[in-house]
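Taking it in order: structure first as structure tokens, then the write-up.
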Amino acid sequence: KGDIATSVSYRTTVIYQMENESNGTDLEMLEVVQRDMSIELNCNTQPRQISKPDIKHNYIDAEQASFEEIAGIVSNNDDPSILSVTFRSCFMGGLFTIFLSVINQYFHYRTISYVFPSILLLLFSYPLGKLMAWCLPRKEFNIWRWSFSLNPCQFSMKEHALIFVMSSVAAQNIYSIDIIVIKNIKYNEETSFGLGLFFVISTQVMGYGMAEQSTSLRWLNMSRLKFFILASICQAIYYWLPGYIMPVLTALSWMCMIKPDNVLLSQLTANRGGGIGSLILDWNTVTGSYALLNVPFASPIIVPRWALINILIGFVTIVWIIIPSFYYSNLWNFKRFPIAVNQFYKIENDPTTWLSASSVIAWSLRFSSLPTLFIHTIFYHGKDIIKQCRTSLRKRENDVHCVLMAKYREASEWWYIVIFTTAFVIVMIICHFAQLITWYYLLLAVLFASICLLPIGIVLAVTSINIDVYVIAETLGGSLLHGKTIELSTFVMFAVVVQTQALGLLMNFKLGHYMKLSPRVMFIIQLVITIFSSIIRYITTNNYLLTSIPNLCNSDAWNCTAIDWAPSNFASNGE
């Protein structure tokens with residue numbers, strides 16, 4: 001506290017002297033010191049009116065962020081006058097929304113589905129923004145009482161971040177459309193355009209009403225441009241080795257190659273076995289593995305070191321110790337089937353469904369993840385949750401970014417309440433008239449999503465790993481909606497997708513927090529882009545794919561492999 005008071009006293013003295021002995025250079029320096037001081041004092045206190053209570057409660061004694069990784073890449077300064085919502089950002093964001101919505105929805109139903117990565121648009125939008133800043137006129141246009149400019153300033157980092165947020169929102173799949181497609185194709189039951197459109201929009205925005213901004217869910221000498229260029233060149237050159245020249249580098253099981261005819265060695269070291277000693281030298285294979293963990297951008301780079309160590313310990317314990325122990329002890333007749341396959345088996349004259357050892361362990365771990373998740377949240381984060389609920393953003397965690405963001409107005413709580421209530425009422429009405437699901441099962445699905453949201457969000461925030469509760473939701477719905485295909489699919493969709501939308505909103509809020517984007521702007525932009533993308537995707541599916549492509553989901557080229565048919569298949573079989 002003594003150092004803080006000394007620093008404030010010194011800066012106050014400097015300002016006083018500079019105000020009395022000011023020239024052109026001193027005035028510029030004076031503005032810098034005053035701006036710096038106003039940031040530290042939360043921009044709420046004039047330099048000559050400093051009081052001890054203000055210093056105690058508002059002064060930020062951390063010059064950097066609370067997390068080392070953030071402090072290394074995120075600036076601890078902010079200029080609120082920098083614009084984020086401009087003609088350039090809205091134009092490029094809207095253009096990318098249309099592009100991603102049409103392209104991803106079109107390839108969603110292909111046999112070999114494809115998702116255009118929004119990260120590429122992040123790279124493309126920067127030179128395009130610079131080009132628009134160079135060529136667009138700076139003239140102001142007046143419309144009634146408002147005035148705007150096509151080119152108000154240089155292309156800013158905030159515009160770039162906002163464009164990426166729009167692209168990431170538009171890139172998300174809309175699974176409620178799949179229910180309409182399943183109903184149309186499998187049961188020849190068409191849903192009216194209006195009901196379908198409002199159903200899709202309401203399901204997409206309902207999750208936004210369950211989310212509320214929470215800053216507790218955040219965590220070389222060469223230039224960054226030079227590093228990016230060198231890394232891109234090296235990656236492009238190296239990819240030729242595992243991609244074309246030496247495909248064996250994709251997953252090299254050198255121990256299995258020593259004696260390929262040995263069954264025991266193959267079971268323990270092969271790629272379809274335990275994988276002991278295997279080497280993966282292809283980045284696409286590595287990221288594909290992390291995609292199974294629901295890691296954003298499917299990259300191990302963004303997973304903390306301690307989380308990677310936990311994953312490694314868990315993998316070795318389960319895959320190299322527990323599964324072989326169960327298999328070679330012939331527990332539940334595991335030796336009758338391959339050690340590591342994800343299939344169901346039927347034996348003649350035996351009604352029992354059999355699973356491999358790896359499948360039994362995997363399903364058991366999925367079911368145990370939910371109670372473990374709640375226990376972990378209560379014991380490790382219970383006090384922090386209570387503390388965060390009682391602490392304002394201005395005083396939270398003594399973090400410089402929280403102080404800087406306190407200058408922006410947050411989205412009001414009633415915004416979330418109105419969005420959720422309106423969307424839920426509309427969904428209940430549509431589900432009743434379209435005979436999608438009974439209202440009390442819908443309420444249970446949404447309740448399940450809301451209960452899982454906070455613990456899953458905490459784990460996602462600190463580890464970048466999304467806990468998958470799909471199997472649990474499917475089992476819960478299957479036990480309640482026995483043999484009802486559409487109802488089960490709708491139940492699973494609401495139980496999973498609603499929380500996914502809420503987590504997506506929080507992830508973008510997290511980005512906006514560090515990029516110093518107004519929470520109100522972030523909320524409104526994501527809401528508008530979500531509705532806009534939903535309309536485009538629904539029109540693409542309803543007015544083109546279902547009417548122009550014969551045998552959709554029943555042909556070799558359009559097999560709809562990306563649609564989750566599991567709820568329909570299980571429900572139709574009555575299992």
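The backbone N, Cα and C atoms fix where each Cβ goes, and this holds for glycine too.
In TrEMBL this protein carries:
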{"type": "TRANSMEM", "residues": "90-108", "note": "transmembrane segment"}
{"type": "TRANSMEM", "residues": "114-136", "note": "transmembrane segment"}
{"type": "TRANSMEM", "residues": "161-181", "note": "transmembrane segment"}
{"type": "TRANSMEM", "residues": "193-211", "note": "transmembrane segment"}
{"type": "TRANSMEM", "residues": "223-241", "note": "transmembrane segment"}
{"type": "TRANSMEM", "residues": "306-328", "note": "transmembrane segment"}
{"type": "TRANSMEM", "residues": "414-435", "note": "transmembrane segment"}
{"type": "TRANSMEM", "residues": "441-467", "note": "transmembrane segment"}
{"type": "TRANSMEM", "residues": "521-539", "note": "transmembrane segment"}
Beyond the flanks of the transmembrane segment (114-136) by at least 6 residues, Cβ under 8 Å: 87-89, 91-92, 96, 99-100, 103-104, 107-108, 150-151, 153-155, 159-160, 163-164, 167-168, 170-171, 173, 297
Chain residues outside the transmembrane segment (193-211) and at least six past its termini with a C-beta under 8 angstroms from it: 174, 176-177, 180, 416-424, 426-427, 430-431, 433-434, 436, 446, 449-450, 453, 493-494, 497-506, 509, 523, 526-527, 530-531, 534-535, 537-538, 542
Long-range neighbours of the transmembrane segment (521-539), counting only residues six or more past its ends (CB under 8 A): 84-85, 93-94, 97-98, 100-102, 104-105, 162, 165-166, 169-170, 172, 174, 177, 196-197, 200-201, 204-205, 208, 411, 415, 419, 501, 505, 508-509, 512
For the transmembrane segment (161-181), distant same-chain residues with Cβ under 8 A (at least six beyond the ends): 84-85, 89, 92-94, 96-97, 100-101, 104-105, 108-109, 115-118, 121-122, 125, 129, 191, 196, 199-200, 203-204, 436, 486, 489-490, 493, 496-497, 500-501, 504, 508, 511-512, 515, 517, 521-522, 525-526, 529-530, 532-534, 537-538, 541-542, 546, 552-553, 560, 562-564
